[in-house]
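Remarks on the structure that follows.
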Amino acid sequence: MVGQQYSSAPLRTVKEVQFGLFSPEEVRAISVAKIRFPETMDETQTRAKIGGLNDPRLGSIDRNLKCQTCQEGMNECPGHFGHIDLAKPVFHVGFIAKIKKVCECVCMHCGKLLLDEHNELMRQALAIKDSKKRFAAIWTLCKTKMVCETDVPSEDDPTQLVSRGGCGNTQPTIRKDGLKLVGSWKKDRATGDADEPELRVLSTEEILNIFKHISVKDFTSLGFNEVFSRPEWMILTCLPVPPPPVRPSISFNESQRGEDDLTFKLADILKANISLETLEHNGAPHHAIEEAESLLQFHVATYMDNDIAGQPQALQKSGRPVKSIRARLKGKEGRIRGNLMGKRVDFSARTVISGDPNLELDQVGVPKSIAKTLTYPEVVTPYNIDRLTQLVRNGPNEHPGAKYVIRDSGDRIDLRYSKRAGDIQLQYGWKVERHIMDNDPVLFNRQPSLHKMSMMAHRVKVIPYSTFRLNLSVTSPYNADFDGDEMNLHVPQSEETRAELSQLCAVPLQIVSPQSNKPCMGIVQDTLCGIRKLTLRDTFIELDQVLNMLYWVPDWDGVIPTPAIIKPKPLWSGKQILSVAIPNGIHLQRFDEGTTLLSPKDNGMLIIDGQIIFGVVEKKTVGSSNGGLIHVVTREKGPQVCAKLFGNIQKVVNFWLLHNGFSTGIGDTIADGPTMREITETIAEAKKKVLDVTKEAQANLLTAKHGMTLRESFEDNVVRFLNEARDKAGRLAEVNLKDLNNVKQMVMAGSKGSFINIAQMSACVGQQSVEGKRIAFGFVDRTLPHFSKDDYSPESKGFVENSYLRGLTPQEFFFHAMGGREGLIDTAVKTAETGYIQRRLVKALEDIMVHYDNTTRNSLGNVIQFIYGEDGMDAAHIEKQSLDTIGGSDAAFEKRYRVDLLNTDHTLDPSLLESGSEILGDLKLQVLLDEEYKQLVKDRKFLREVFVDGEANWPLPVNIRRIIQNAQQTFHIDHTKPSDLTIKDIVLGVKDLQENLLVLRGKNEIIQNAQRDAVTLFCCLLRSRLATRRVLQEYRLTKQAFDWVLSNIEAQFLRSVVHPGEMVGVLAAQSIGEPATQMTLNTFHFAGVASKKVTSGVPRLKEILNVAKNMKTPSLTVYLEPGHAADQEQAKLIRSAIEHTTLKSVTIASEIYYDPDPRSTVIPEDEEIIQLHFSLLDEEAEQSFDQQSPWLLRLELDRAAMNDKDLTMGQVGERIKQTFKNDLFVIWSEDNDEKLIIRCRVVRPKSLDAETEAEEDHMLKKIENTMLENITLRGVENIERVVMMKYDRKVPSPTGEYVKEPEWVLETDGVNLSEVMTVPGIDPTRIYTNSFIDIMEVLGIEAGRAALYKEVYNVIASDGSYVNYRHMALLVDVMTTQGGLTSVTRHGFNRSNTGALMRCSFEETVEILFEAGASAELDDCRGVSENVILGQMAPIGTGAFDVMIDEESLVKYMPEQKITEIEDGQDGGVTPYSNESGLVNADLDVKDELMFSPLVDSGSNDAMAGGFTAYGGADYGEATSPFGAYGEAPTSPGFGVSSPGFSPTSPTYSPTSPAYSPTSPSYSPTSPSYSPTSPSYSPTSPSYSPTSPSYSPTSPSYSPTSPSYSPTSPSYSPTSPSYSPTSPSYSPTSPSYSPTSPSYSPTSPSYSPTSPSYSPTSPAYSPTSPSYSPTSPSYSPTSPSYSPTSPSYSPTSPNYSPTSPSYSPTSPGYSPGSPAYSPKQDEQKHNENENSR
């Protein structure tokens, strides 16, 4: 550390962490001082004592003293270790258990393993690779081995013995007793007293000695390591002493110091050690030494771990337990989680938030005081030096200013104190720490950060006052409100971080959330309320207000729409004005129930080309809904436009609402008189019903529903009546409130409130419930002392019949408070529960990432999914779409899809096609069409197998319907004209498209299968939407439109593929954890509905994640075999066959009598039974009379239960007989007797003595018990109760459409899957249980995975949330990927073999680190946690790849360029269309068209329309053209703002500009200087213009007037295949489409991203081009000296040297026009002449 110089070079990163144990030698080698004294200070109490605990060699913690070892001050010296030599070895407390296990594995005399390869099981154990598992296996085998064998039987011949080198001694059984190990030896029988084993404490020396004798081979088998962790190192002989900086003392004044707990503990250890040494030295008695030794052991143990079970805690003088080393590391506040995984950070701010509707969606208002405090270090460059100088002049107190200047030497100048701040001359490369300013990207966050939308990047807007301001719509993802919430802001400190924030985290990019593939932001609050009022049919606005409103639209084009009403005065409808804020080209339609095209209620929604046609805009349209306006705009126009849309809508609507007004008050809750009367009647009626039911129940006339007790049935009825009354009253109130009612307006707009709020405010608050039941009796038999006992009336049990408006009575208020209190407690409990669940999920999935081979893997590289989500799509790019082929009848299907050119029924109407009449009867075409139709039928069959119930709404990429709509709009499809498409175009186009939809690229089988699976569903959708008949008949697309649709689908599909580096694990964990937080803890939705009770909500989620063996409510769902599903009788039969019925469940009473005479009875009721029975006696029974016992067991059965279970007395009696065979004599009454009685007597064997007879009644009691508990009368074990439920199942009818069929389903309590599956009459293929553990055990891991998924899905769906499939699938894949069920707990995923650092950051921190040390683990630091701990960039996201640098090429091609040259180059390369472009020499009088030839108007030549559109080239970029979108433009692939090389000035440099078709013979990349990046492309060369390689104004052969170069010359004719850039039909807006060049039709095979001639990185590369040779060393499109054909211009040629004077772009010898420079010129002229012919 001495004199270290400042360096800006980055430090090396940690590649791996090796764990191990310290050996005593190593401790001594590290140590700088031997510590001998427990004192810290010397006698003077001023200096640290030499050899004491604060020895000056250990490091200084006094800022006045230097460290004696490294001579550094307190700030620089990290501290140095010392050591204590212990008088006796002691156990390391963390390893006592392991030491015990090792002792049990090796011989306690010779140190040899007790078993070796001679033992078969041991051989298997030794073969285990994982050292921890191997150790566990060996220990299991060895711990029972009680002798160290000298020889063992040989394998070949068991009679012969083979020596194994053991010592033959017996082994002790070892017990852990506190901190000691106690051995007990069983003595040999030979030596006598076998009863008394020898007991003694195993001393540490003894164990240390044995461990030293274990051979390397043996301890390696036990999982230790020769170099890093030998077993003897688990026993401490030399203790390292941490340096004082780790245990600093605090000084109160000169003399008094307070020492740290560790120092205190170390002093104890030293004292104990010294006293032990003294005792040994003085030869003290054995027990004294033993005592001193155990004291030392205690101190060393509590120094490391002060929470040892069964050990007293070491206390401070104050009585507070000492904080041990272990306590410093573990837990949330500990070192790992508290200081390494998460730390407090600089450059952050926190304050209260408030709303501001005038900010843009992605802005954040930052108070000026914060903006002046937070800084960003900006590097001084030529471009910003003036600005930064001004900031430095402004200084730290004026915004915008700067706080520090950092020189390139690393020195900081603090501008607060700098005298000469004004005249600091900034130098390039210095840094200025400037204040944050407008539009800086910052990270904004609100805790708890439950999902990735809780941290987003905003743009700064510096504003006055002291709170953060944010747009209202961005509050929902943060879950923020303005009632005092605070939020945090973090300022990025490097350009890379800024780039990541603005390109990855920016708010607009998060609008559509991957959690449920829908937007997570929408219009909220007053804007939402106002937007509904604004778009009502009767909202009209006058001219003055319209003008004001239009001014509020930020990008209004200045055109006032035509008013909707002209006379008597012009009026504009609200819909019109709102439409101005919606971008053009947006289509949206939604039909609510009962919407026609002109719905009287104005419900539904239709937006065409950004104009609202009908429908009131409310939450369904502009809320965060799937397929709403926000979603569509993001998908169609890109995130930036969508973010703008939020602002536009808010500004317009808020302005209107401000002037229109909206307020709500108590009057809005009042319903009119007649309604109130009706409400009162409704409630009275319900109370009367309840009274009737109560009377019925008291008179015992109520029948219990199946599976419920009588009381449950009664409660169920009461609650049902009361809830119905409340809902009915609420509906009355709601219907009565007018549409003008303000509360109702808020509910209808969706901005606040719901139906239930109206009902409770105006009508009736309703039944209060606690734990899902009515209020229970808390006092004796009553709820409150104000009621009489046993009062079950609604008032007494918590029914509140008043509304909030009328006010509650005291009793009602009390019950209401009870219900409310429960809600609060529930919320508090839930927050803790779900927080822990979320943490476990995140830690279990944190390292799962999509890799560059599209697999989803964890940090070990284990494959979790071969392709993410099984389709490789990014969840944010997916939308719910319906697969059309699945529904409808067969006839309708055929009508919609079948085309038969040979048959008049299914032929196409000839008027649809221009070639309509020619194709009828065309057999070749018919073959294509039949193939298409067969495939569609196959799809239909396949989809019906997958989506059994015919519901085929599934989230898929690329909204095809919208692309078709856009095409119809863009190409002005006329539904009356025939199309110029041919059937072949359609069928083959769709076929080619399917082949181009590549998610995975590769030839091997696994990849091919995964690729096929990934696109299967999407291809089904594609084929159904683009079937020939639909394209021609429904959509009426033209050839141009159809091609556009295809290329668009492909581009959007490829854009939807998930990006490698995406951390999908955390995404999945958050997507499941976040809805869990919104879940109610215990869901009582099914309060007493007659069905099985199912755990749901958070408790069920906990069960699933813990893989709980005993669930609260295990249950089976049993379906009947096909054919009998609707048969109720059959269902009853099966119910009784599987419901488990014990004798106990049908018995009312059981009694024991002394009834000595078997032939008669003392019980009068039973005489009939006996007489009846004895009239039918057989011989055997006669004989048994004498042996029958006088004690009688008499059972009375329950007739109702017997009937319910469908049992007869005979069956029960025979079952008892069967169980006890001849030991019991049983008789029973008839089935129709008054009472059902069974009488049993024990039959005694003849040889019974009197003594036994006396105990017979006891024996009978035991028999009675056995009978009632164990006798199963019928059914399957564990199936406690079976409920029959009737469900409707959707099945395809014979005609093909889906119809509902009722079926009976049995729901059970209890599970016994394997048994129930064998019961005849059920459908074993459909049986299901919610216990996925059983499913896995019976049906295997794949079935288990499916069941686990279904359970997770049900928990989340039960709450009404929706989470995309891939997140839950990833979770269940992780849980099942090991082949068993891995729970999301410390016993599950945290036992896997991921890195120790990663595991210790979850739970059991210290134990995991001990284990890692003992087994010498190596952590390769590929996980997230490891890199967070080490403070490194983790290999995820933008850090997931490496960059390879070709160093040779670097040296070769580094041009020496001045800064100005770079500037000019940039200017030209990226600035299209500008005369001032740096690449033009102003002296040249060249026409614009010639300069940038491709810019000729595309629409001019209609017959040859080159653009996709009829718009001229000048329209490029306007909103009307389909190419005007942002980076997400759904147009040609790669064309958009973000496309790197597209610039009209560099046609050869654009992957999307095919007009330079390399296949055209006259084009050859011979122009040495045609590349914007080439240095020779410089304005300093006057003789060069990009249109011709050999252009020189002085050359007579090239002048616009010369006949050989005239746009009309045949060589440039637009129809010629040479397709020159000057040809009028080439337009930059038609990047991939040119009707005349056969080689460039997007559907032609040569235009395919995979075809070799198309590669975006090498625009001029084409194997067919004659002048291209792959062997040319200098060919590289980016190389500054790129020209494959010129031999004299090859960087490898000997005379090439950038520094040589002959190579200078300005030298006259270097002129592209000079003949000497173009060796290929003649050849080229020759080519041109050839072409012109």
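In case you wondered, yes, glycine gets a Cβ from its N, Cα and C as well.
As written in Swiss-Prot, here are the features:
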- Lys695: ubiquitin cross-link (CROSSLNK)
- Lys1246: ubiquitin cross-link (CROSSLNK)
- Lys1350: ubiquitin cross-link (CROSSLNK)
- 1591-1597: repeat '7' (REPEAT)
- 1605-1611: repeat '9' (REPEAT)
- 1619-1625: repeat '11' (REPEAT)
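When other Cβ atoms within 10 Å of the Cβ of Lys695 (ubiquitin cross-link) are tallied across all protein chains shown, the result is 11.
Look at Lys695 (ubiquitin cross-link): DSSP puts it in a helix. Rounded to a whole number, the C-alpha distance linking Lys695 (ubiquitin cross-link) with Lys1350 (ubiquitin cross-link) is 44 angstrom.
Taking a C-beta cut-off of under 8 Å and a sequence gap of six or more, Lys1350 (ubiquitin cross-link) has these contacts in its own chain: Tyr1328. On the 0 to 100 pLDDT scale, the model's mean across the repeat '11' (1619-1625) is 41.
DSSP assigns Lys1350 (ubiquitin cross-link) to a helix in the three-state reduction.
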